[in-house]
Amino acid sequence: MNPQAKLMFALSLLLGTTITITSNHWIMAWAGLEINTLSILPLIAKSHHPRAIEAATKYFMIQATASALVLFSSMTNAWHTGQWDITQMTHTTSCLILTSAIAMKLGMVPFHFWFPEVLQGSPIITGLILSTIMKLPPIALLYMTSHSLNPTLLTLMAIMSAALGGWMGLNQTQIRKILAFSSISHLGWMAIIIPFSPKLTMLNFYLYVLMTSAIFLTMNTVKVLKLSTLMTSWTKAPALNTMLLLTLLSLAGLPPLTGFLPKWLIIQELTKQNMAPTAIIISLLSLLGLLFYLRLAYCATITLPPHTTNHMKQWHTYKPTSTLIAISIVMSIMLLPISPMIPTIL
């Protein structure tokens with residue numbers, strides 16, 4: 001792709017995201033979502049492979065439907081209340097339609113089927129954008145309307161997302177699909193707490209973006225797309241693969257790593273809200289995700305390929321690891337000690 005075109009699409013992505021997260025009016029928020037959708041489509045389809053074209057088509061159809069639902073819910077609310085302000089979403093039916101539309105945008109259960117397929121058909125860096133930056137505008141809309149949303153519906157969708165995200169990721173061999181189901185599972189943790197503590201949802205999202213970025217950038221560096229090639233990638237960058245093990249365990253939410261912090265705070269908040277059974281259920285469901293993270297970690301660092309005569313080791317890459325990967329990996333592993341500061345932020 002032409003570098004100037006790529007720069008234009010990247011700037012359009014930033015523009016669309018900025019418009020949505022800074023707007024107070026529903027029409028401006030909708031316009032930002034549309035700019036985002038149209039900017040990412042060429043980046044998904046740039047390889048011209050049939051799978052990439054299919055992914056771009058699916059993404060366009062789902063996002064167009066979700067945007068139409070966002071517009072419809074805001075118009076219905078304006079019809080009944082006379083308010084176009086995002087924070088004044090008070091009509092019950094409009095709130096239900098908006099919840100469905102944002103769930104479709106994010107890829108939450110039961111609107112999750114498109115996300116693994118689109119991620120599998122996209123290049124790794126585009127997959128990183130889809131998993132991180134493209135989720136910011138819908139999460140921001142959820143944050144701004146959190147006081148109006150139905151807690152029962154969000155809790156139900158969150159538990160289903162955590163369950164299906166963990167369950168469907170168990171059988172996968174493609175790393176991008178595993179990370180897609182990981183994203184669906186994490187969305188469950190974000191959605192379950194947003195009616196009670198929206199700032200905690202944003203903290204969870206920021207840490208998820210940090211850890212997912214570290215994993216995608218590492219996969220892009222060692223050029224790995226599936227588990228069978230991940231087993232032979234340790235010779236390329238042994239130190240990076242070792243850090244990948246810790247980052248995966250952090251994404252699974254194991255203490256004393258960064259990923260444990262949001263899960264700990266969410267369980268604590270749910271308990272305060274007298275929702276201990278819900279906290280227990282979602283904690284147990286996260287063990288499903290832990291299993292496929294352990295599979296990835298096992299393939300990355302512990303498994304050795306068979307030593308046959310026709311097996312060739314991959315060349316060790318002596319080019320230094322980028323500063324961005326190093327910083328994101330260190331932060332993905334070592335941020336748990338900041339937890340005493342969190343109550344002052346929240």
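Using N, Cα and C of the backbone, Cβ positions are placed for all residues, glycine too.
Residues annotated as domain 'NADH:quinone oxidoreductase/Mrp antiporter transmembrane' in TrEMBL: 23-288.
The domain 'NADH dehydrogenase subunit 2 C-terminal' annotation in TrEMBL covers 290-342.
What TrEMBL records for 59-79 (among others) is transmembrane segment. If you look at the transmembrane segment (59-79), the same-chain residues 6 or more away from its ends with a CB under 8 A from one of its CBs are 26-27, 29-30, 33-34, 37, 40-41, 44, 88-91, 93-95, 97-98, 100-102, 104-105, 111, 114, 118, 141.
Within the chain, the transmembrane segment (91-115) has long-range Cβ neighbours (under 8 A, six or more residues past its boundaries) at 33, 58-59, 62-63, 65-67, 69-70, 72-74, 76-77, 80-81, 135, 137-139, 141-142, 145, 148-150, 153-154, 157-158, 160-161, 163-165, 180, 183-184, 187-188, 191. Taken from TrEMBL, the feature transmembrane segment applies to 91-115 (among others).
Here TrEMBL flags 152-171 (among others) as transmembrane segment.
According to TrEMBL, the transmembrane segment annotation covers 178-197 (among others).
The transmembrane segment annotation in TrEMBL covers 203-222 (among others). Here the transmembrane segment (203-222) has Cβ contacts under 8 Å with residues 124-125, 127-128, 131-132, 135-136, 139, 175, 179, 182-183, 186, 189-190, 193, 233, 236-237, 240-241, 243-244, 247-248, 250-251, 258-259, 261-262, 265-266, 317, 321-322, 324-325, 328-329, 331-332, 335, 342, 345-346 of the same chain, all six or more residues outside its ends.
Taken from TrEMBL, the feature transmembrane segment applies to 243-267 (among others).
Positions annotated as transmembrane segment by TrEMBL: 279-304 (among others). Away from its own ends, the transmembrane segment (279-304) comes close to residues 158-159, 162-163, 165-167, 169-170, 172, 175, 178, 181-182, 185, 188-189, 192, 227, 230-231, 233-234, 241-242, 244-245, 248-249, 251-254, 263, 266-267, 270-271 of its chain (Cβ-Cβ under 8 Å, at least six residues beyond either end).
Annotated transmembrane segment per TrEMBL: 324-342 (among others), in sequence order. For the transmembrane segment (324-342), the list of distant contacts is 203, 207, 210-211, 213-214, 217-218, 221, 240, 243-244, 246-247, 250-251, 255-261, 264-265: same-chain residues at least six beyond its ends, Cβ to Cβ under 8 Å.
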Sequence-remote partners of the transmembrane segment (178-197) [C-beta within less than 8 Å, at least six residues beyond its ends]: 103, 106-109, 112, 115-116, 119-120, 127, 131, 135, 139, 142-143, 146-147, 149, 151, 154-155, 157-166, 168-169, 172, 204-205, 208, 212, 215-216, 251, 262-263, 266, 269-270, 273, 278, 282, 285-286, 288-289, 292-293, 296, 346
Beyond the flanks of the transmembrane segment (152-171) by 6 or more, those residues with Cβ under 8 Å of it: 96, 99, 103, 108-110, 112, 116, 177-178, 181-192, 194-195, 275, 278, 281-282, 285-289, 291-292
